Amino acid sequence: MKWFPVLFLLMWICAIYIAGIYLFVGGFLLVRLEVNRTSSCLDALYPGREPERDFCRGQPRFHKAVLLIIDALKIDFARFDPNNTSPRAYENKLPVLEETVAAKPSHSRLYPFRADPPTTTMQRIKGFTTGSLPTFIDVGNNFASSAILEDNLIQQLGQVGKRVVFMGDDTWENLYPKRFHRSLPFPSFNVKDLHTVDDGILHNIYTTLEGDDWDVLVAHFLGVDHCGHRFGPDHPAMADKLTQMDGVIRSVMGRLQNDTLLVVMGDHGMTDTGDHGGESQKETDAAIFIYSPSPLFQQPQAQVLEPEVVPQTDLVPTLALLLGIPIPYSSVGQVLLPLFPPHGQSAVGALSQQEALWINAKQVNRFLETYSSMAKDIPPETLAQLRNQFSNLSSEYLTAHVKGLLSSPRLTASLQAYLTSVRDACRATWAKFNPLKMAAGLVILGLACAACFLVSELSLALIRENGTLKSPCVSAALTGSCAAVFQLLKWSYVEVSWCVACAALGSELSFLWKAHQSRDVGKTGTGWMSLPQLLTPAVFILLLRCASLLSDSYVIAEGRVVTFLLFSLALYIPVHLNWNGYLLPPSHDLQKTSPLLPSPHALSPSTVRKEASTLMACLGLVIGSLSLSLYFHGCREEQGACQPSQFLSPLSRMQDDKLRNFHYVLSILALALYTYLLKSWMRNYGNLNASSVTVFSANWILPVSSICLGLHWAVSGTPEDSFKNLSELIGLAQLALPRAAYCLLTLGLSLIWLDPLTVFVKAKTSTQNKMAPRLPPRYRASIGISPQAELHHLIPQIYQQMRQSLDDGEASGAGEDDGRPAVEAYGLGTVYSAPLLLCCGMMGVGLLLLHPEGMALAFLLLLFEMGGVLYIHASASTLSGQYRTQAGFNVPWTPVLLWALIAAQFFHTTGHLPTFPSIQWSAAFVGFPDGHTGTILPAFLVTLNTFASHILLAVSCPLLLFWPVLCEFRNGRGGKACGDEGEDAVMEIRLRESPQHFSSALLQLSARYLFIQGAQMFSSVCAAAILRRHLMVWKVFAPKLMFETSSFIATSVSVLFGVTLVLRIDFSVTRWFKRLVPEASR
C-alpha cells in the first residue's frame, strides 16, 4: 500500500481545516481589551472647584470587613420557609439568614445575587473583585487561572495599607499571587473532596477573627459546590454541608465588632444536577447576605428603593466606598444604594446616597472615555448618547450641589439610569468580533470542504500521481512568508494568524487549480459532479443536518433530531434496494422466460434471501438501539420539564439501595456482554489461535481491564457512611483499580501497535496432509498458502494456482521426498479488521471508565449500532453487487454518513450536550481522587470523556472498508460455499490484489468522513457568524461552535490514528508474507 500519499493528504486536509478554525475563533471569541490603569486616592471625584481631596483620608463607614464566599450558594439555599413541613435536602438549612433579617432589619439584608455568565468560579471571582464583565472565551481559563492585571479590590486594599488575609479556594492565590498579607490556600480542583477546604478554613478563621492582624478577611468555602458536583443539590450530604455553613455564619456573626461589615455570598448557583457554567437562572442567581453589628440600613424599608436583584458587579463599588478606598478603574458596577444614607441623614464625613452615586458615575465615565479612546468597538452613536447623558447629568448635579438640593429623587434616578446605561452598552458591545478574521476563517473553511470533497472523489488519481501536494506546500510556504515580510515592512511586527491565513489560502487555491487542470477531472467530471449523483438521499440528509445547526430550536433538540435523521437514512437502504430489485430473489417465471445466460456474478436465490434477512434483522437492531438510546439523554435548561436520565447519575448519588444495586447489576451485565461479543467475533474468525501479543491482549488484558472497571464501580458506588472501618482500603481501591485499568489498556494498545497480526500459522508434512481427511478448516477465515507462491502480489488467480500446485504435489508424492511443509494460516481473512476492532474495543473500555456507571448500557447500544450498520452496509454491497462489478473498493456516501451521524447521536446518548454545564468534570478524578498537580492530565481526561463518541467512530471508520469484503462471501460467490473448489475469495487479503485501489479506497473513505464532519462544523461556524447578534448566540450558538470545532479536532486526530494503524497492519502483513517464504522452504 502507498502509505505516504494517504497519510500526507489526510494530514494536509486536517491542517487547513484547523487553520480555518483558528482564524474564525480568533475573530469570534476575542477577549475584550483590558485597561491597565489604576484608580488612586487623589482622583478628582468631587464636584465643584474645590481643591483635590485625598479620598482615602476620609472617615470610612467600616474599618474592617469579612467576606464569606460559599461557593455555589444559590438563592434557593438561603431562603427559609417556616410553612414547609417536608423540606428537601437543600431547603430550610440556612435559617440564620432569614432569622437575622426578620429580627434585625436595620442591620441586615438578603438579596438575590446575579452573576454574569459564564458562571465558573474564576470568572466570578474576577467579576466581583474588578467590577468588570467577563467575555465568553474566559470560560476556558477556569482551570488554568492566570493573574488578574486589571485594577481590583485586592490591589486597592493593599495600596492603602489594609491587611488582607485569605483562606480557602487556591484559585485566589493564582489570581492574586503575593497580594495577600497572609494566605492559606487549599487545593480546589478535586470535586469529590467535600471537607478539606472547609475544614482548613474552620481551623483558622476563628483565631484570625479574634486576633488583630487583619483588616479584610476573605474565606472561600467549597464544600457546597463540590457536594453539588458529586451528589447534586437534593442529597443528604448537601443538607449536612448547608447546616455546617449555618453554624459558621452564626459563629462569625458572634465575633464581629461594630466597625466590621460581614458579607456572605455565593459566586454562582447550580442546576438541578449540581452543575454550573452556563447562563440559566438557576446558575446565575446566587445569594448575598449583608450584616453589620451596628445599624446599617434605613428604617422603614419602604422609604428606601430596595433592589429586587443585585448584580455581582455592584459589590465592587459598594465595598470600595464603604471601606474608604477608590473604586477599581475598570468597574462598571453600581453602588448598592440601601447601604448609604439619604443626603442630610449621613454622619459627618460619611457618603450619602447621592454622593456615592456621583463618585460612582464619574469613575464609570472616566473608564468609558479611556476605553473608547483605546478600542473602537463601542458604536459611535451609543458613545455620543452616553457622553451627552453624562454632560447633562454633571450640570444637573453641580447645580443641585450648589443649591443644596442633592436629595432630589429625580437626580438619584438620573444617576442610576446613567450607570445602568453604561453597563448595558458595555455588555452589548463586549462581544467583540473581528469581522476580517471571521471572514478569512469562513473562506478557508469553505475551501477546505471543497478540497476535502475533491480528495474523496479523485482519490485514485491522487494516489497514482506523484508529488500531489508538492505545489500546495510550496504555495503555502511562499504566501505565508510573503505575509510575514509585508507585515514587517508595513507595521514592524508579525501577527501569526495572518501568516497562517495566507499560507492556508495559498495552499488550498494551488490544490484546487491543480485538481482542475488534472486530466482525471475531465474524464470523470460528468460522473461524480453530475446532478443525479449529487441529488441523493444521503446528500439531502446531510444538508438537513447542516441546515438544522442554524436554528436554535434544532440545536436545543439536537439529540432527537440526529436520531431521527439516522433512523430515516437507515430505513432508506432497504427501500432503495427493493426499488432496484435487489432485496428479493427473481421470480421463477422471470428465470424461465429469460433468454440470456445468467451473469457469472449473479447471486443465487438462497443467498439473496439470506442477505436480505441479515439486512432486515440488523435494521431492526439499529432501530431498537436508537429507540433505547433516547433513555440516556441529558436535558438542557431550555427544555423546561425535561428530566435527565437516571443512568447519568453515578451510583454514589443514589440513595435507594435497591435501585443502586439494580443499576450496578445492569452495568456489569452490559460490560460483560460488551467484552464477550468482541472476543466471540474474533474467535469466530480464527483470530484467537495465534500466540502473538495482540491475541494476548484480547485473551487477557481486555477481560482483566473489564474486571478492574467492574470492581471500580463497586468501590466508587459505596456510600461514604458504609464500611467506615474499611475507608482506607476503599480509598486505596479508588486509586489503584482505575490506574490498573489505565496501565493495562495502555499496554494492550501498545502491544497491538507493536505486533498487530492475529494470524495462526500451522505447518503439516505432506504425509500428514495425505492421511488427513479433506475437511474444511475450522474457521471460514482461514486459507492455505503454498511456499512456492510468489507473495509480492497475492491475487485470487495466484491463490488458486497455489492450491492447485499443492494438490498436484501431494498427489505425486513429491512432498514425501523433500519433506517440504504445507502451510495453513488461520485468521488471515480478517487480518485488518481484527486488530482494529480489538483496538476500538479496548479504547471503548477505557472511555467507559471515564463515564458514569450507567453508561455501560449506552456503550453496549453503541456496539449494537455499529455492528448493525456494518452488516447492513455489507449486505447492501453484496446484494447490489458493488464489489463484484467494480474494480475498486469504494465505500458509498450513505454508510459513511450513517457512521458520522452515530458519532453525533452517541454524543447525546452518553449524556453530553453542547453546553458547558453538561461537561462531566468528574472524569478528571477517575483514578486521581486526590486531585492533580497540573491541568494537562485532567484536561485530557475530560476531553476523552466529552468526545468519546467522535474518537471511537473516527478510529473505527476503516471498518466500513473491510466489512463488505469480509462478509461478501459469507454465503459464497454465485452460491458456492466458502472452501469449495474454485472459490477465489480470500476475504480481506483480496484488498492486496491492487495496492493502489486499496490505498485509494482508504483515502476516499477517510476524506469522506472528514468532509461530513467538516461540513457540520462549517455550518456551525456559519451559524455563529450570521447570528452573532442573535439573542441566543452566547447561550446556544457560541457553545455549539466551541463543541463542534473541538469535536472536529478530536475527530481529525482519531482518523489519522485509525488510518495509521491500518497502515501499520499492512506493513506487518507484507513483512509476514516475506518471512513466510524462506521459513516454509527450509
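Cβ from N, Cα, C; glycine included.
Sequence-distant contacts of the transmembrane segment (6-31) (same chain, at least 6 residues past either end, Cβ-Cβ under 8 Å): 135-138, 432-445, 447-448, 451-452, 455, 462-463, 468-469, 472-473, 497, 500-501, 503-504, 507-508, 999, 1002-1003, 1006-1007, 1010, 1014, 1017, 1021, 1024-1025, 1028, 1038, 1041-1042, 1045, 1048-1049, 1052-1053, 1055-1056, 1059-1060, 1063. Taken from TrEMBL, the feature transmembrane segment applies to 6-31 (among others).
The annotation transmembrane segment is assigned in TrEMBL to 442-463 (among others).
Sequence annotations record features per position, and here TrEMBL assigns transmembrane segment to 562-579 (among others).
Among the features that TrEMBL reports, transmembrane segment is placed at 612-632 (among others). Distant neighbours of the transmembrane segment (612-632): 559-560, 563, 566-567, 570-571, 573-574, 577, 583-584, 645, 647-648, 854-855, 857-858, 861-862, 864-865, 867-869, 871-872, 875-876, 879, 905-906, 909-911; these residues of the same chain sit at least 6 beyond its ends, with a Cβ under 8 Å from one of its Cβ atoms.
Feature annotation from TrEMBL assigns transmembrane segment to 661-678 (among others). Residues 646-647, 651, 654, 698, 702-703, 706, 709-710, 713-714, 717, 837-838, 841, 844-845, 848, 853-854, 856-857, 859-860, 863, 867 of the same chain lie 6 or more positions beyond the ends of the transmembrane segment (661-678) yet place their CB under 8 Å from a CB of it.
Annotation source TrEMBL lists transmembrane segment at 698-715 (among others).
Among the features that TrEMBL reports, transmembrane segment is placed at 831-850 (among others).
Residues annotated as transmembrane segment in TrEMBL: 857-874 (among others).
What TrEMBL lists as transmembrane segment is 947-966 (among others).
Taken from TrEMBL, the feature transmembrane segment covers 1009-1027 (among others). Among residues of the same chain six or more beyond the transmembrane segment (1009-1027), those with a C-beta under 8 A of the stretch's C-beta atoms are 10, 13-14, 17, 21, 24, 28, 438, 441-442, 445-446, 448-449, 452-453, 456, 542, 545-547, 549-550, 896-897, 899-900, 903-904, 950, 954, 957, 1033, 1037-1038, 1040-1041, 1044-1045, 1047-1048, 1051-1052, 1055.
Annotation comment: TrEMBL describes 1047-1065 (among others) as transmembrane segment. For the transmembrane segment (1047-1065), the residues of the chain that approach it from at least six positions outside its boundaries are 1, 3, 6-7, 10-11, 14, 17-18, 21, 752-753, 756-757, 831-832, 835-836, 839, 903, 907, 943, 947, 950-952, 954-958, 1002, 1006, 1009-1010, 1013-1014, 1017, judged by C-beta separation under 8 angstroms.
Against the transmembrane segment (831-850), stretch 947-966 has more CB pairs under 8 A than any other of 698-715, 857-874, 947-966.
Within its own chain, the transmembrane segment (562-579) has Cβ neighbours under 8 Å at 537-538, 541, 544-545, 615-616, 619, 622-623, 626, 629-630, 869, 872, 876, 879-880, 894, 897-898, 901-902, 904-905, 908, counting only residues six or more beyond its boundaries.
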